[in-house]
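Data block below; observations after.
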Amino acid sequence: MTRDKKHYICSNCANISHKWSGQCFDCGVWGSIVEEIISTNKSIITGSKQTFDKLSCDVSEPLRISTPISELNRVLGGGLVLGSAILIGGEPGIGKSTLLLQLTASNFESKMRCLYITGEESLDQIKLRAIRLNITNYNTAILAATNLEDIIASIDDNNNNIDLVVIDSIQTITTKELSSPPGTVSQIRTCANELVNYSKQNNIIILLSCHVTKDGQIAGPKILEHLVDTVLYFEGDHNNHFRILRSYKNRFGSIGEIGVFEMSSSGILEVTNHSELFLMKREHNVVGTSIFAGVEGSRPLLMEVQALIVPSNMLTPKRSAVGWDANRLSMILAVLSSRIGLNLANYEIYLSIAGGLKITDPASDLAVAASLISAATSIPLPEHSVFFGEISLSGEIRKTAKAETRIKEAVKLGFNKVICSKLENLTYDFICSCTHLQDLKEIIK
């Protein structure tokens, strides 16, 4: 009897080593090395010749199936594509299972036949949640299983009746080919690879729910994200009632698209007036508060930027940013000090994006700078105004992409003053162009 060999693999970068260590020598992550058993019973398999195709051959657009959830359709690029594999991650309790159960129980126009497979709950728990969510589509099939071979055999037995399969979650699925426990790198990689191949061979849509680490990254090997066609993150704060579904990879659409949802006692609801969700209605502007006209994917979104500046006796005053890059905040402070003489070295500075949103758009620089200047001078910003524009190290305001989209969203919500970089081919009376931070300072005065 041959003895199986073993090696050690990093759960973060999949680097292989022959002995255990506390830290991965390749990516430097601590505590990520796990043991993996290698089966030695391998036979030599020869390949067969494959026919080549030409890049210039005609190909039709992928058939998209629109879901009853319009926000999900937007994130996916128009709907579900047959034969695609979709990965959706998020923190525990954020609403992944609820969203997927509502999707499978939805009334598709194309009469999709859906199967919901759970490896974390019992069938009675799924039924109780369906009752709580007032789901009345009892034609949705449900299955409690964790073995890969059993799952594929069950789908094969009803191959003509299943169009969409949800697996919650991929970390609970195991294969008989491996002796390692569920959730290990080898189990996740092997099971995900088999499921993705199966979906493409049988033209079935597969949605895989997955856990995330404490850093917010998808748990398991990075290859998991490479295997699937689409990677979605369900973001949000447990203290807030809204959720953001964001696409980080999409072979059939654009990345960066977001869908806005609201958690309620009856499940997850779509939000149509998404900008109003993140804005507080006030009669007058508050010192240190500005409105940023942003774009997430193709969706315009207005967000509130708040800044607070207080004197400090500390040798190194605190700099805190919630929902924004702290390094970029330091850069903006340095530019304000160097270019317009706003010295905040002896002050504690707190910056927050209201509603728990996270902004990575460089065009938010101008809104942040406006909030900081307003907080430092105790002068409220102009009424009903929005800001967008990227700030360079020289203090100049750079051009911004999708400016017209941002302006139209601001006008739609009742804002009558747009403070931004200099625009070409756009001449509106309510646009106040800035070419330098000095211009912004004059506007606030």
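Placed from the backbone N, Cα and C atoms, the Cβ positions cover glycine too.
As annotated by Swiss-Prot, zinc finger applies to 10-27, with the evidence given as sequence analysis. Here the zinc finger (10-27) returns a mean pLDDT of 83 for the predicted model.
Look at E91 (ATP binding site): DSSP puts it in coil. Marked as ATP binding site by Swiss-Prot on the basis of sequence analysis: G90, E91, P92, G93, I94, G95, K96, S97.
Taken from Swiss-Prot, the feature motif 'RadA KNRFG motif' covers 249-253. Long-range Cβ contacts of the motif 'RadA KNRFG motif' (249-253) within its own chain (Cβ-Cβ under 8 Å, at least 6 residues beyond either end) map to 62, 64, 76-78, 81, 84, 225, 228-231.
If you look up Swiss-Prot, you'll see 348-445 marked as region 'Lon-protease-like', on the strength of sequence analysis.
For the region 'Lon-protease-like' (348-445), the number of residues in each DSSP class (helix H, G, I; strand E, B; coil) is 37 helix, 25 strand, 36 coil.
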